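Comments concern the structure below.
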């Protein structure tokens, strides 16, 4: 078999007159009665091959048997297309290859999906036949971008003198948040490894070990409820450094992301990135990962509501809640009563009891609650919300968390429905000054807002023992277009501070020692100040490639039920395998 001389998508007018050896898949076959045209595809693109009896009767006879997705080796001569046959939409659209020889390297059955960007296959079918789905150019281009992003990050961190170090996949189960994936040990009866939710503890131990600058393209595993932008196994760019301040870390990440955007996406972005405190983000956008590509911020009306004539508003404020609103500019005519009812049902998903609304008309406010506001209150309301005729005003009165969640989600929905979002924009944002702990009423205890190893502000360390809910974290999240790209922080590096943190989280001294004794001891041997960040590679690629589903950025992803339709994992195992592990199944009966 002759060696390939050209990739299909790289045959241009410079090759006219040359004999070329091409290898690839049949994208399309057209029989024009005496002439057969084949679009031959490889990962670089498509080239048109012509089978003409005047050039080679033998090649034409073989071409008559060829079908879509056959794998071919074609030898032929590159010629220019006639004036009327030029296709400027193709990189190879000014030439074609006159075939002199063709060899079928492999035949193909009729494929269950159309191998084209606009395939008609459902996602389940695409995942079952993932190896065919990956042939589509849009999929290859996504993974080419993933490669480019990873390469750029590696090159950047190399110039910054970071070492790439691998950390264990089989590790210890620790209570870090999501459920662990457990792996039974054959050697140690009744004991289990856990797959890492992140390399958090090991990267901190590398700082104890004096490596100073570490990174890893790390596989992480979390047994949690899935959604469109989550997978049970995912990849993060894990970065940690000693002796750097928060400002130095943020500056370095901005330089890295600027280079990624330029090299992998061809987009120039400016740094430094805007910054917003967690409290400000929640107050203005109802989200800790605000999409700043459009306006429509939340407005706090609690002070106004306390003295207005609408009991729903006043009672919410009196019970310690708040009233907030968003002004959908010019949207009054675009939303019927039925449409607003749909918005009401939407906010109920986030815990809201309802959605109050008003339309602004030339002669004043109209809507079911307009009667509760006199002229003076109506003017205050309109001035506060900067409302003019044609605007739609939407209100939620409830607990602060419910108001934020419901209006934050409603804002995003309206942004999409009203086409307010400029999809060409890439708005990076740092969200800083997070709360260190969050209180869970159901569990009646505090949980770490990020993780238990986040350093509080120095002046807040004592609050861990007196008022944990007031302690602030030296933490920062990088947000892009309303998605959390990654989170980081300065880390606790002193044993006494870490013990106070564990105590605030409800760990007894014995539990802390049992779970994290190795880390606490490490902190007694001269641990340097350190911090870092972990960026979600899958999510970053999803946003840069313009995909809407994280599964499109992972070669062989899982479904929403954490199963692989291609290999049918997870699957039962043989009884002998269980016996070898000294395990016995006790399955719950389905009701």
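Cβ atoms are placed via backbone N, Cα and C, with glycine included.
Among the candidates 231, 474, the residue that Swiss-Prot names alongside 222, 223, 224, 484, 536, 537, 538, 539 for the ATP site is 231. DSSP assigns residue 484 (ATP binding site) to a strand segment in the three-state reduction. Cα separation, residue 491 (L-aspartate binding site) to residue 484 (ATP binding site), rounded: 20 Å. Taking 84, 222, 450 as the recorded positions under consideration, the smallest Cα distance to residue 484 (ATP binding site) is found for 450. Other Cβ atoms within 10 Å of the Cβ of residue 539 (ATP binding site), summed over all protein chains shown, number 22. Non-local contacts of residue 537 (ATP binding site) by the CB criterion (under 8 A, 6+ apart in sequence, same chain) comprise 146, 149, 150, 217, 234, 235, 236, 237. With respect to residue 539 (ATP binding site), the closest of these recorded positions in Cα terms is 222, chosen from 84, 222, 450.
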